[in-house]
Amino acid sequence: MTVQPQTLKIRRPDDWHIHLRDDEMLSTVLPYTSEVFARAIVMPNLTPPITTVASAIAYRERILAAIPAGHKFTPLMTCYLTNTLDVNELTRGFEQGVFTAAKLYPANATTNSTHGVSDIPAIYPLFEQMQKIGMPLLIHGEVTDAAVDIFDREARFIDQILEPIRRQFPELKIVFEHITTKDAADYVLAGNPFLGATITPQHLMFNRNHMLVGGIRPHLFCLPILKRSTHQDALRQAVASGSDRFFLGTDSAPHTKHRKESSCGCAGVFNAPSALPAYASVFEEMNALQHLEAFCSLNGPRFYGLPVNEDFVELVRVPFQQPEEISLGNESIIPFLAGQTINWSVKA
């Protein structure tokens, strides 16, 4: 019988995809990330979106001001690509160290993406410059054609959009974000070292049956949407393989309770409070704890060309129960796995 480890010591992880929002929401959710993660790629889909160096600097300052005392955390800012973005602004932001990467949202693919790109080949000059200067492109990989079934939008994106981009710009660093399908996992595994992918805890732990059978569970609704179990299994196999193409990106995306539990609920899962223990539980189930540190702490920095973190965090086999909800002024946020117990805790 295999003896289960009681503690796991790994280099401090980074979150390569997060939504921190702004104002009171920012100050409420940020500590759950800054307590555990050293760095995070911060999504730019505010209202209005982050499209200039000045707006990115201002947002970064608001984030830094919200970090609790004693937390060491660095927000890595991103530029929201639009049909009319100035290539010089993009270049200046990257060369000044303000923008770590640029984010491609196909128009209307997800929350606050109405300003996204409606004609992707039209912004190929931006991709050409990004390839030249070594700036990573982060992609929400779904087509938005209303005629395409929501469960097929990621797979269709690979053929219609991602493959042509990669053929045209073979040395452009691309992160295929929050992948949800076997198609995407296989595509990344078959790709070259310029292609990586993030995977969320919810897509590793759940499939669409969990969201839809026995009643609709709106707090599992995110985009890209949870897929069938065969896709979930493929994602689990991908992270358990130890491939360095995959790394941690929670896509933690908080919304207030009433915006989730409504007749037209928002997409997004607020998983920051439980993310690292949730990932550990998946890797343990897959008998792959030996690959947890690389997924959480090594693969991402190496893809981005950044140093790995020097300090460590410890996970201990002490069950902890997620709160049912988290206060936000007069409202609340329902966290991922609300009220449920996870077998791992991050040691304070």
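From the backbone N, Cα and C atoms, a Cβ is placed for every residue, glycine too.
Summary of the site annotation: Swiss-Prot records substrate binding at HIS19, LEU20, ARG21, HIS140, LEU223, HIS255, ALA267. Screening the candidates ASN45, ASN207, ASN287 against this entry identifies ASN45 as the one listed for that site. From the candidate list HIS71, HIS178, HIS203, the residue Swiss-Prot records in the Zn(2+) 2 site shared with LYS103, HIS140 is HIS178. Summary of the site annotation: Swiss-Prot records Zn(2+) 1 binding at HIS17, HIS19, LYS103. Screening the candidates ASP244, ASP251 against this entry identifies ASP251 as the one listed for that site. The separation of ASN45 (substrate binding site) from HIS19 (Zn(2+) 1 binding site), Cα to Cα, is 8 Å.
Of all Cβ atoms in the protein chains displayed, 24 besides its own lie within 10 Å of the Cβ of LEU20 (substrate binding site). Of all Cβ atoms in the shown protein chains, 24 besides its own fall within 10 Å of the Cβ of HIS140 (substrate binding site). Reported as a whole number, the C-alpha separation between ALA267 (substrate binding site) and HIS17 (Zn(2+) 1 binding site) equals 15 Å. When the binding-site residues LYS103, HIS178, ASP251 are compared by Cα distance to ARG21 (substrate binding site), the shortest distance belongs to ASP251.
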